[in-house]
């Protein structure tokens with residue numbers, strides 16, 4: 001059985017940067033926490049906990065020490081609270097997410113109604129929305145644009161892990177409503193390239209494994225695009241979840257991983273597939 005690992009599987013720039021900053025902060029002799037999980041990888045969060053860095057839901061219990069801002073960013077009022085408490089802030093927000101936050105702030109301040117393309121329940125989107133005024137709307141598709149109030153000036157940004165196709169659909173609907181429209185493509189290049197590579201790989205193989213946290217939006221999206229082309233697609237978080245029965249009658253297996261999946265998890269998955277391969 002041949003196994004092909006996607007070239008761009010694993011950490012993206014923003015996640016790599018955030019984890020590096022978190023582990024560096026963990027090595028200092030200070031009371032250190034992350035505001036929310038640093039990335040959507042339970043394994044990385046656990047490793048940080050073992051080093052004494054716990055994830056907090058809010059800042060209520062903190063009156064001193066270091067707070068690390070998660071890669072997805074946080075709400076503007078939480079940054080303000082950390083500053084008001086004079087906490088030492090390590091801002092590990094992904095630069096692409098930061099750019100989306102800045103665009104929303106600028107658009108709102110100049111009188112635009114803002115449309116954020118993304119998942120309203122995702123912490124990245126909730127953080128982005130907080131930088132705008134009272135005319136910020138989250139839509140998951142072009143259809144949802146039709147439910148929005150009429151606005152003369154519309155600004156559009158996207159959650160960094162959205163598909164370009166979905167952004168185009170939303171913009172198309174906005175254009176049909178008339179008025180002035182400004183669009184900022186805040187989709188991370190790594191996300192788009194990773195999805196295209198995963199699609200190409202899914203077309204070539206008999207079975208596809210997508211590795212990453214079940215709470216990771218970009219990993220779930222990878223699994224979705226792969227499943228559209230290869231029905232035998234399995235989203236797993238660790239090597240322990242692999243079922244040897246998946247590979248019955250399979251000549252070629254493809255493996256990709258989300259942007260928040262650490263290399264050691266990918267290595268364990270590849271090792272487990274190798275073990276199954278030897279037995280067969």
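Any Cβ shown, glycine's included, is placed from N, Cα and C.
Here the structure is a predicted model, which means the values were calculated and not measured.
Copied from Swiss-Prot, the annotated features are:
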type: BINDING; residues: 12, 94, 188; note: [4Fe-4S] cluster binding site
type: BINDING; residues: 40, 72, 122, 160, 216, 218, 260; note: (2E)-4-hydroxy-3-methylbut-2-enyl diphosphate binding site
type: BINDING; residues: 40, 72, 122, 216, 218, 260; note: isopentenyl diphosphate binding site
type: BINDING; residues: 40, 72, 122, 216, 218, 260; note: dimethylallyl diphosphate binding site
type: ACT_SITE; residues: 124; note: active site, proton donor
Q) When DSSP states are folded down to helix, strand and coil, where does residue 188 ([4Fe-4S] cluster binding site) land? A) coil
Q: Give me the Cα-Cα distance between residue 72 ((2E)-4-hydroxy-3-methylbut-2-enyl diphosphate binding site) and residue 12 ([4Fe-4S] cluster binding site), rounded to a whole Å.
A: 13
Q.
Give me the CA-CA distance between residue 188 ([4Fe-4S] cluster binding site) and residue 40 ((2E)-4-hydroxy-3-methylbut-2-enyl diphosphate binding site), in Å, as a whole number.
A. 16
Q.
So if I measure Cβ to Cβ from residue 122 ((2E)-4-hydroxy-3-methylbut-2-enyl diphosphate binding site) and keep only same-chain residues at least 6 apart in sequence, which ones fall under 8 Å?
A. 72, 159, 217
**Q.** Cα separation, the residue listed as 'active site, proton donor' to residue 40 ((2E)-4-hydroxy-3-methylbut-2-enyl diphosphate binding site) (Å, whole number)
**A.** 11
(Q) Quick check: which same-chain residues outside 12, 94, 188 lie with their CB within 8 A of the centre of the [4Fe-4S] cluster site CB atoms? (A) 13, 14, 15, 71, 95, 96, 97, 160, 161, 190, 191, 259
Q | Collapsed DSSP category at residue 124 (active site, proton donor) | A | helix
